[in-house]
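Record features, source TrEMBL:
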- B:29-178: domain 'APS kinase' (DOMAIN)
- B:GLY36, B:LEU37, B:SER38, B:GLY39, B:ALA40, B:GLY41, B:LYS42, B:SER43: ATP binding site (BINDING)
- B:SER110: active site, phosphoserine intermediate (ACT_SITE)
There are 2 protein chains.
Amino acid sequence: MTDQKATNVTWHDHTVTKVERRKLMGHKSAILWFTGLSGAGKSTVANTVDHLMHEKGIHTYVLDGDNVRMGLNKNLGFSADDRTENIRRIGEVAKLFSDAGIFVLTAFISPYRADRDRVREIMGEGEFIEVYVNASLATCEERDPKGLYKKARAGEIKGFTGIDDPYEEPAKAEITLDADTKSIDELAQEVVAYLDANGYLSA
Amino acid sequence: MTDQKATNVTWHDHTVTKVERRKLMGHKSAILWFTGLSGAGKSTVANTVDHLMHEKGIHTYVLDGDNVRMGLNKNLGFSADDRTENIRRIGEVAKLFSDAGIFVLTAFISPYRADRDRVREIMGEGEFIEVYVNASLATCEERDPKGLYKKARAGEIKGFTGIDDPYEEPAKAEITLDADTKSIDELAQEVVAYLDANGYLSA
């Protein structure tokens, strides 16, 4: 904590910049965009990365269905337009978090490549890290933690990704995680190792 | 920086909480919601508070027209519905920032009491600090930094707050700033003093 010494100075010609905020945070910032099928483990891996980074003193935040679908995007449904708007808003909010100096981890299926690439385009070089949580449909359907695949197969849910709506694999993900064979902890450590190796964890 | 000692532990049953994020930040967090007429000085005071807090090592972020209207809310116009949706989204995003452990300063006219109160309602006790930047219409119209009042008086802009659209004064603002007679620096210091006196600046 640095006390303000001068009180007679006019500050309002100065806006605190992203670089200054990152310096105060003690590390860089970026979006970690987790994408993959329902049940692949996006949210679980993201929350584990969140925990590991927090333990290292890195400032992070997770955006997922829990805090976005009930709040910011509660007026959106599941039509094609609404899905695109859902991802657009999440991308814009994630950009603000990264600008604020925080690592923001987003955990959404985000099945369409164009939607994800649009987020990449609004970010600066190195500030969008696409993390493909790659689990096969067979694995996800076998896990089916929320019973959604069963409902989709029974026709009770329409337009379900992987069943009757496509999942477009990332063409250029910065990180691809093998979620069929590795543990959550191994996958999370891979993400942290990437950030460390690429200089993200220092200012 | 605390290194992760154990690598064989399952973390994914644990989600990092707001309390833990605030502890790492070293201070509490809240929304500082600046409201007032166009030209009252909301953005200037907010940015000065931002700077003063940053100098004290407090993590902050400003949401204003520059980073919201061009991004998250670029698909909104100025109809009554769009104005309400504009404030709703800003409120939801501000809530996420406060949840992340950051002081978020919002600088929007936000003329309708119901819109502001709706944001207050989604926040916890003490997490919504309404800052009324109280400048008279005469003062704002005389300053007219963007020439908007002149255009509104000439009928070139319709539905301009204070001219042909109402500004509803806060009934219960936590902080009311006298922007007719005091300097930007004095007003900004008042906001920081409020936060300090109410225990916001320590964890």
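Using N, Cα and C of the backbone, Cβ positions are placed for all residues, glycine too.
Taking a C-beta cut-off of under 8 Å and a sequence gap of six or more, B:GLY39 (ATP binding site) has these contacts in its own chain: B:ALA135, B:THR139, B:CYS140, B:GLU141, B:ARG143, B:ASP144, B:PRO145, B:LYS146, B:LEU148, B:TYR149.
Taking a C-beta cut-off of under 8 angstroms and a sequence separation of 6 or more, B:SER43 (ATP binding site) has the following same-chain neighbours: B:PHE34, B:VAL62, B:ASP64, B:GLY65, B:ALA107.
In this structure the alpha carbons, written CA, of B:GLY36 (ATP binding site) and the residue listed as 'active site, phosphoserine intermediate' are 7 Å apart. B:SER110 (active site, phosphoserine intermediate) and B:ALA40 (ATP binding site) are 13 Å apart (CA-CA, integer value). B:ALA40 (ATP binding site) falls outside any helix or strand according to DSSP and counts as coil. Taking the mean position of the Cβ atoms of B:GLY36, B:LEU37, B:SER38, B:GLY39, B:ALA40, B:GLY41, B:LYS42, B:SER43 as the ATP site, the remaining residues of that chain whose Cβ falls within 8 Å of it are B:ILE109, B:VAL133, B:ALA135, B:CYS140, B:ALA179. Counting every protein chain shown, the number of other Cβ atoms lying within 10 Å of the Cβ of B:LEU37 (ATP binding site) is 24. Separation of the C-alpha atoms of B:SER110 (active site, phosphoserine intermediate) and B:SER38 (ATP binding site): 10 Å, rounded to the nearest whole number. The Cβ of the residue listed as 'active site, phosphoserine intermediate' has 25 neighbouring Cβ atoms from other residues within 10 Å, across all protein chains displayed.
Listed in sequence order, the residues of the same chain lying 6 or more apart from B:SER38 (ATP binding site) and placing their CB within less than 8 Å of its CB are B:ILE109, B:CYS140, B:LYS146, B:LEU148, B:TYR149, B:PHE160, B:THR161, B:GLY162. Every protein chain shown contributes to the tally, and the Cβ of B:ALA40 (ATP binding site) ends up with 27 other Cβ atoms within 10 Å. Around B:GLY41 (ATP binding site), the C-beta neighbours below 8 angstroms that are at least 6 residues distant in the chain are B:VAL133, B:ALA135, B:ALA179, B:ILE184, B:LEU187.
All chains included, 29 other C-beta atoms sit within 10 angstroms of the C-beta of B:GLY36 (ATP binding site). Secondary structure of the domain 'APS kinase' (B:29-178) per DSSP, as helix, strand and coil residue counts: 65 helix, 28 strand, 57 coil.
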